[in-house]
Each structure stands twice: as C-alpha cells, then as structure tokens.
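Notes follow once the structure below has been shown.
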Amino acid sequence: MFVDQVKVDVKAGNGGNGMVAFRREKFVPNGGPAGGDGGRGGSVVLQADEGLRTLMDFRYTRKFKAAAGGNGMIKQMTGRSAKDTIIKVPLGTTVTDAETGELIGDIVNKDQRLVVAKGGRGGRGNIHFASAKNPAPEIAENGEPGDELTIRMELKVLADVGLVGFPSVGKSTLLSVVTSAKPKIAAYHFTTLVPNLGMVRLDDGRDFVMADLPGLIEGAANGVGLGIQFLRHIERTRVILHLIDMSGVEENDPFEDYHKINHELTSYDPDLLKRPQIVVATKMDMPDAEANLEDFKAKLATDDTLPNTPAVYPVSSITQQGLKALLAKTADLLDTTPQFPIKGVDDLKHRDYTTEADADFSIDNPEPGLFVLSGDKLERLFKMTNLDHEESLMRFARQLRGMGVDDALRAAGAKNDDTIQILDYSFQFMD
C-alpha cells in the first residue's frame, strides 16, 4: 500500500534530575556539595532513507518516544545522556506541526537528519548553587521536559520528470518501456493508483528519474477523482511530460484534453505552467493518430493562452517510435533547468531551540479566591523545580518574584490565603 500522508505523535526525553549530595570522605570535614548534573534527554530525529518509497511504516506505529536522561549522581558525576530515537523516512518527506501548521523541515538529501522534538537538558546538581552565603545548598534542578508534539508528514516523490495526463493515455506503458519499472497496466481507467518511479538511462551516460502519476480528471485540483492527493507530487518535478492520446478511441478532442489538464495544474499552482513542458502525442501507431495530431498542432499554433508553446513529440510505446528523440530532448531540458523552490519549504526558517522567545505568563481567575498561573517559561521553571527540597521551593519563589508574578497577582486582586495554582500544584498566596 502507498501511504503519502500520516500524523505521528513524538515525545523527546526529559533531562535527568540534578542531585543534592555532599562529600562524606574520611578526614574531609565540611566537604561541601557534590551532587552531579542530570544527563540530556534523547531527541526524536527523522533520517532520510533512500530505500523507502512510502510512509506505510507509520500506518500502525503512530507514537515515538525518546528515553530520558540519567539522574545526576554523587561525587559530581553527571547522569548518562540518552540516545536519540531515529525514525527513517523516505526522501521527499515534508514535516509540519500538526497543531500550528508550522513547517518544521523538508527531507530531500541522502542521510539528512531533522530534529523534530528536542530532548530536555539535564537539571543542575547542587554543586552549581554553592555561594559564600550558602556553602552547602540543598538545591537541585529537575531535568528540562522534552518537546512533545504531533507532526504531520507528507511525502512528495522526488522525480526529475513527471508524466501527467488523463487516465489511459499511456503513462504507465511509456514508463515501463523507457525504464525498468513495472507499473500495473490494464485497459481501464485509473489502473495507476499510486505514483511509480523509474530510472531512465541514455546511451550518452545521462540519466534521470521519471514518475508516472495517477491520471487526472476535471476538478482534480478541487479533490475530484484522485485529485489533489497526487497533484502534490508534481511540485518537485523539473520537467513535465504532458501525454495526449491521439488515437481517437475515447472520442475526445486532444486539444480540449490538453487544456483541461493544464487548467487543473494551474488551479493547483499557477507556477506549474512556467516549468518546461513537452507534449507527448501517444498511441501514434493507431489508424487515426496522424490526422488527429495534425489537427492538434494546427490548434496549438494559434493558441495565445500559453506562456510558451511547447514542443510536440509523437511517440508509440508499442513500436517505440520517437522515444529516443523524446528522451534526448527531456535530458537536454533537465541540463538547463534548475531545481524549483518548493513553496513554504525553501524559505523555511528552521526552529532555533536556543533563542526561541518564551511566552509571557498569564493569570486566570476562574472563581473567587483561585488564581491560575500559566505560560511556557513559568511552567518550565516549575517542572524543573525539585519540590522535595525547601531551598528549591524558595528559589522558585524568588524566580516568580523576579518575573513580576507577585505584583501581577496583587494587581489581579489576590489576597492573603488565596489559592495559587500552577499546573497540578497549589499553594497559598502570602502578601
């Protein structure tokens, strides 16, 4: 089964907790703090795999979780950092945040890696909090929580050349003749239900990847038929081979068919018609093909709706008429055509996990005497506070005061003994 869209839940590992410990060696009185730092949590990383052609592996496995870092230890020993969880995906996979729609990255290069959920840093042990006023601190941080999100992966096949056209115009037959691919071929519409890839190799040593895309029909850009589900795969192609059936068996006007497919391409993305396009007149071994081709060329010559008049190459996949000339022209176009930018990907600003601005805290007053605090920075500080040690709690209180939380609570109407809630933890407000 070909799967080209999937949602996956990913959870990076939390950092290990820092430790509160003291030196207790013989003959070392008042040895001081010796609690080590926690290890880094594992990240969830996508890695390109040239052997994969579909996202089928994610049909039943939808959750991936990286391991947490090890806790800090005595004698200033740092906990073990966790290994990253590597998820292999096919080339051409675009990754977005399923909740926000933010583009995270695009997997287009061999062995490329993309961090989609970053592991939390380890909490600091009490060796970091010693001072002249407090030489033996009972303060240590919990590990930073790892990122947790749902990502959407979308596969857009990586091919240099895309075959487009109505169903049963001969796309799969052409691919099977000029490459070693073996697509399903039958005498009915929509035989091809998934993209098929093949490598074309010319006698002069040039080669390129060709994709046979499922047949389009009117309204495809709006989801009719297989529709937009496979139009996305055209985005990465550099040259479009537009196949037109000249046999007349379907009793369609080849020129009208040509315009209908171009209309669907334009409706999906107007820039697609700016790409090099070759009209491939197929089934030229049929009796009426020559007459239909001449009529098509005459209409095309007077058509002023196109930005450029495409070259027309008559071929027959059965007799192999015209195939060498077609492939040579295609290779020539590829030699002079650069990669086209993928909209929303090439201008992507990759996430910077170290400089991302923290959200301001907010205060909610759902009922009299209850104030709920929330906010990314505030909640992260809370999660990294070791609630088992009073000095850690006092440090957290100072951090809140430094953020202006105390003043904001007073301004919101908080009074002595009112309940303050952060996540699942509650305490009393003391003015």
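Using the three backbone atoms N, Cα and C, a Cβ is placed for every residue, glycine included.
Going by Swiss-Prot, these are the annotated features:
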type	residues	note
DOMAIN	1-158	domain 'Obg'
DOMAIN	159-335	domain 'OBG-type G'
BINDING	165-172, 190-194, 212-215, 282-285, 316-318	GTP binding site
BINDING	Ser172, Thr192	Mg(2+) binding site
DOMAIN	353-431	domain 'OCT'
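Computed over the domain 'Obg' (1-158), the whole-number mean pLDDT of the model equals 90. Around Gly165 (GTP binding site), taking its Cβ as the centre, 24 other Cβ atoms fall within 10 Å, counting all chains. Comparing Gly165 (GTP binding site) with Ser172 (Mg(2+) binding site), their Cα atoms are 11 Å apart once rounded.
Between the alpha carbons (Cα) of Pro214 (GTP binding site) and Ser172 (Mg(2+) binding site) lies a span of roughly 9 Å. Cβ contacts within 10 Å of Pro214 (GTP binding site), excluding its own Cβ and spanning all protein chains shown: 24. Note: the domain 'OCT' (353-431) comprises 29 helix, 20 strand, 30 coil (DSSP; helix = H, G, I, strand = E, B). DSSP classifies Ser316 (GTP binding site) as strand under the three-state reduction.
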